[in-house]
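According to TrEMBL, the feature compositional bias 'Basic and acidic residues' maps to 22-31, 209-219. Residues annotated as compositional bias 'Acidic residues' in TrEMBL: 173-208. The annotation region 'Disordered' is assigned in TrEMBL to 1-31, 173-228.
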Amino acid sequence: MSSQRGNTKKAGPPKHQNSKAFKNDLHDRSGKQKQINAVEIVNVCQRCAEILEWRIRYRKYKPLTQPKKCCKCEQRRIRRAYHLVCEPCSLAHELCSKCGKKEKIMVKKDTSIDHRKLDAEFAREVKELSERKRRTFMRYLDKLQAAEVIPAGASDIAKKKFDELQAECKDEWDADSVEDDLEDLTLSDDEEEDKDDDEEDAKEEEEFLKEQGKGDHSQRQSSEATAV
């Protein structure tokens, strides 16, 4: 740039220019930055979306540690950093979740997710649970159904798969299977008791034979002494 008065036009490339692009997770050892990179930017205007993308790209994004209070409903339902309005209020009033202004929402949540893939992953995770955790999970689902709590945006396919998985888990761990398990446990306990009884009988028999051998030996010694 020239020092001439009024001549503020830059000429040529900058003096210092990086040869490689900045990589925000180059020295990330904990995996935290990868989680931040996977953050989905939703329900914000174009300008706020660019700001959040810049924060994520250059390691300036700081996630929330606890839910934040919404400026509209005053409920702690904000779980995304730098947002002022929760998602339900943003959708209801058509506001940007970050700046709170009534702008055109440029970025919306993607609803074209493959529900079959999600259902398969969910079914696999439930089947991998232990018996105790699976029963706890099933009780929790029963409470939700009793209270008629249905997740927002749940598809018919997901609900059908959900019901099939619930029925499968209930059939697998019904009362009959529990009784069979208890019978198996009692049989194994009886077998262990029989084994312990056999060992005790063997020990008593061995001790009896030893005592009998000692008695015969002492009797033999006394008879020999009498003969002498």
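Placed from the backbone N, Cα and C atoms, the Cβ positions cover glycine too.
Caution: TrEMBL annotation is automatic and unverified by curators.
Remember, it's a predicted structure, so these values are computed and weren't measured experimentally.
Under DSSP, the residues of the compositional bias 'Basic and acidic residues' (22-31) split into helix, strand and coil as follows: 0 helix, 0 strand, 10 coil. Below 8 angstroms of C-beta separation, residues 37, 56-59 of the same chain, each at least six residues beyond the ends of the compositional bias 'Basic and acidic residues' (22-31), sit close to that stretch.
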